[in-house]
Amino acid sequence: MDYLSNVFKRRRNTSSTTDSSSGVPSPAAPATVPVAQSSTSGTTGVNPAATPQRKKKRKSTRKRTISVVPISEVTEASLELWRTLPPKIRHDPSMVSFQQVELEHARLHGGSNEDSFPEIQGMEEDGGDEEDEEEEEEEDEEYENEFITINVTNEEGQNKEIGHVKEKKEIPKPHVHHLAGHYIGNITPPKHDEINDTGQTNLDEDHPFRKYSKIICLFITWLLIMAFMVVKDEKLVASKHLSITPDRTKAYILPHLPQSSRVKVTLEGTFLSEPYSNITENYLTVYLQMLTSTLDANLTEPYATSSVKNISEPWHIPIVHPYLFDSAPIVKEQRLLDIADSSYDSMQQATGALVRLMIKSNIQASMPIAVQYDQSPVNRDVGVIYAAFVLIFLYVLIIWEIVHRTFAAVIASTLAISILAALNDRPTMEDIVGWIDVETILLLFSMMILVAILAETGIFDYISVYIYKITNGKIWSLIHCLCLCTVLISSFLDNVTTVLLMAPITIRLCEVMDMNPVPILMAITVHANIGGTTTPVGDPPNIIITSNQYILKHGVTFLNFTAHMLVGVIIVVITTNIHLRIIYKNINHLRMHEPKELKELRRNIKVWERAAGKIPPYSKDANLVRETLMKKVKLLRHQYKKKMTKGTVPEDIYRSTLEELQREHPIKNRPLLIKSGVVCIFIVSLFFLESIPELRRLSSGWAALLGVVLLLIISDKNDMDAVLSRVEWPTLLFFAAMFTLMEAVERMGLIDWIGHATETIIQSVSEDLRLAVAIVIILWISALTSAFVDSIPVTAMMVKIVVALSEKAYLGLPLQPMVWALAFGPCLGGNGTLVGASANVICAGIAEQHGYRFSFMDYFKLGFPIMLVSVIVTTGYLIMAHVVFAWH
């Protein structure tokens with residue numbers, strides 16, 4: 001009788017209970033496979049003679065069971081195939097049905113199963129050798145070996161080469177300074193391949209062509225600047241005070257004939273701004289007129305019978321009612337009067353030709369005005385080309401990191417001023433100083449000092465430890481907490497300062513959790529730019545927008561701004577976090593090293609797949625074994641996927657690390673922390689009081705400065721050098737240079753050209769769609785432009801366009817929706833590339849100083865898709881809020 005018949009006969013004669021010594025279950029019930037909590041429990045062999053203690057331990061780790069092959073389906077042919085498998089697979093719990101039949105066969109026939117089939121030992125050795133080779137290959141990939149030569153000195157003082165000693169090359173762990181804001185100076189040494197024989201970094205020396213070509217190009221630029229500035233004088237435009245009498249036209253003769261076809265006229269008086277021009281019938285009319293003499297030059301009255309011709313279109317300026325002349329504010333109006341007469345060039349050659357400025361009003365009262373005229377303004381058609389060249393030159397220097405971005409801004413702004421000089425429009429030093437937005441510089445300076453003092457309390461390191469504690473060592477919980485903290489902090493501090501605080505905290509937490517800090521640093525930078533959108537002081541573009549006097553006078557306050565932006569920011573934060581979860585669905589992309597248990601699971605999956613692949617599917621018995629193996633592969637894959645998506649730190653490591661961090665990073669100076677907290681509340685309170693028109697006395701810059709002065713007084717700071725050393729002076733200089741640059745390109749005509757193009761597009765649609773089109777254009781142009789250039793110059797340029805569109809009453813565009821679109825555009829667009837926002841560049845510098853580096857493309861792959869999604873979401877929010885529901 002076949003031995004299988006004996007097996008099943010013996011089974012029928014035995015009881016249905018499980019034999020305690022063999023661990024064989026009842027044949028009536030299908031076999032089950034225990035799934036242990038440990039990643040390796042499903043792959044370790046099952047010893048039939050296991051002790052009760054081991055059974056008890058194994059039982060305690062069971063989570064769930066799955067049905068595999070019943071014993072009744074095990075045939076002799078399938079058992080023969082099972083015997084050909086490696087021992088590691090044959091001893092696995094998923095093969096319990098085959099193991100039971102094999103045990104019964106061993107009881108009937110006696111002896112060891114392995115002795116009965118000696119060829120199995122050969123296959124075991126082959127399988128073990130393959131696994132050992134795989135492990136060795138992985139270890140070789142993980143660790144790089146290098147040979148070093150050791151020289152020693154003997155007793156006679158002679159050097160002796162011992163030989164080549166093989167050792168593992170250890171990558172030095174980057175030093176992390178635990179105090180936020182003190183990362184400067186703690187720079188990780190460069191890699192071995194970046195150091196020359198003298199121990200210094202070898203960057204430009206490796207690329208002499210790049211080094212010398214950069215020097216030559218910058219030197220040529222300097223020569224051009226030098227030449228234009230030396231040759232051309234500053235343009236001084238004198239102001240004339242005139243009185244316009246009723247029923248008479250005031251004629252002011254220009255001393256020289258205009259050499260170009262334009263005259264730039266600036267008037268100051270009690271004028272009405274353009275949005276209110278439809279509520280008055282009082283106008284001042286200005287135009288150019290040319291006189292040519294028809295008499296001989298020796299006559300006493302050469303213009304007695306001269307010819308008179310108007311050579312420009314009239315300019316109508318609305319003015320207030322005469323009884324408001326003494327109380328109405330002085331308004332400045334400026335326009336280029338084009339000489340439209342085609343015969344002007346020929347008339348210039350006429351004897352005694354003159355051009356005069358004609359001014360008249362339709363009111364029955366004398367009106368005083370101040371007049372400035374420029375007879376050689378910049379040719380806007382040529383100026384736009386030069387302005388575009390300067391901006392491209394600036395962005396090339398920044399994107400390719402040819403020079404430091406601050407130095408690039410200084411060079412570009414100086415070049416723009418020299419081009420104005422070449423175009424006979426060199427500004428005075430007083431004009432240049434007036435271009436710098438001191439309000440913005442003052443606010444940034446004050447907040448930097450506040451953060452420098454606050455960092456001395458140890459509050460930021462304490463926050464990092466607290467975040468680590470509440471997240472319980474879970475990776476995604478940690479990431480979400482860091483991002484939300486970044487959003488909250490960036491709402492009230494500028495995003496540059498926020499990154500300075502959060503980057504060292506993030507690096508510290510990532511290192512203790514064996515995570516790669518680079519993706520997390522990029523994530524917090526993205527959230528810093530998003531959070532900075534919330535309030536007027538959260539991001540430099542918002543500071544520029546809300547510092548504009550026209551916008552402030554039209555109802556944009558701190559509270560109003562925050563209320564409109566907060567809803568959109570919440571929506572963008574939610575979508576961004578979902579986006580991050582999708583991008584890093586595989587948690588291993590966030591780890592510094594793959595965990596050992598995941599490596600073991602991956603290795604076991606390959607072993608089981610290889611074993612299943614060796615079984616030819618030619619018969620029912622072979623398919624039975626093959627399906628059993630593939631069920632085990634499916635189970636292992638499920639375990640692997642579960643562990644990949646759920647990243648945690650082992651409990652013992654988490655507890656020990658938490659205790660160490662709590663010991664190292666307590667609050668260092670509680671009295672100073674209390675004083676700093678009081679000052680922060682004071683500053684934020686002043687920010688909110690600014691939203692009340694009746695209490696609006698202090699600007700944001702003055703509020704921050706007064707708060708910092710109060711903190712310096714109550715904290716009794718004597719070492720001002722230490723405090724001022726933490727101020728980011730290059731950032732402040734960068735802002736000042738960018739303000740100067742944008743005013744210079746505006747004088748060249750670039751802002752007017754962009755504004756005219758935008759206005760043309762808006763006018764081309766119906767009135768019902770103009771607001772929606774304006775929101776979309778302002779949002780997307782500012783966002784896409786800010787993605788590839790710094791958001792500060794983009795905002796400085798676009799805010800002038802928004803104001804110009806709002807001032808044109810015939811367009812019917814409300815100001816506030818365009819302001820919200822402009823606030824969202826540069827802030828969210830700054831996430832597109834590494835150079836899109838100042839915070840991005842600073843975060844990259846901090847990461848490199850701590851030994852981690854990410855390139856332009858590394859940030860682009862993460863930031864640009866997030867930027868596109870966030871701008872799309874914001875577009876929908878603004879359209880619904882202001883076009884559909886008219887929230888404004």
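Count begins at 1; order follows the chain as displayed.
Every residue, even glycine, has its Cβ placed from backbone N, Cα and C.
The compositional bias 'Basic residues' annotation in TrEMBL covers 53-65. According to TrEMBL, the compositional bias 'Acidic residues' annotation covers 122-144. Residues or ranges marked as domain 'Citrate transporter-like' by TrEMBL: 395-825. Annotated region 'Disordered' per TrEMBL: 1-66, 109-144, in sequence order. The transmembrane segment annotation in TrEMBL covers 212-231, 383-400, 407-423, 443-463, 475-493, 561-584, 672-692, 698-715, 769-789, 862-887.
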Using Cβ atoms only, state whether the transmembrane segment (212-231) and the transmembrane segment (407-423) have three or more pairs under 8 Å that are 6 or more apart in sequence.
yes
Same chain only, please: residues at least 6 beyond the ends of the transmembrane segment (698-715) with a C-beta under 8 Å from a C-beta of the stretch. Say none if there are none.
438-443, 445-447, 449-450, 453, 536-537, 543, 546-547, 558, 672, 675-676, 679-680, 682-683, 686-687, 689-690, 723
Is it true that the transmembrane segment (383-400) and the transmembrane segment (862-887) have 3 or more Cβ pairs under 8 Å, skipping pairs fewer than 6 apart in sequence?
no
Take a look at 561-584, 672-692, 862-887 and tell me which one has the most Cβ pairs under 8 Å to the transmembrane segment (443-463).
672-692
The transmembrane segment (561-584) versus listed stretches 475-493, 672-692, 862-887: most Cβ pairs under 8 Å:
862-887
Please indicate, using numbers and ranges, the residues of the same chain that are 6 or more beyond the transmembrane segment (672-692) and have a C-beta under 8 Å from a C-beta there.
450, 453-454, 456-457, 459, 492, 535-537, 557-560, 698-700, 703-704, 706-708, 710-711, 714-715
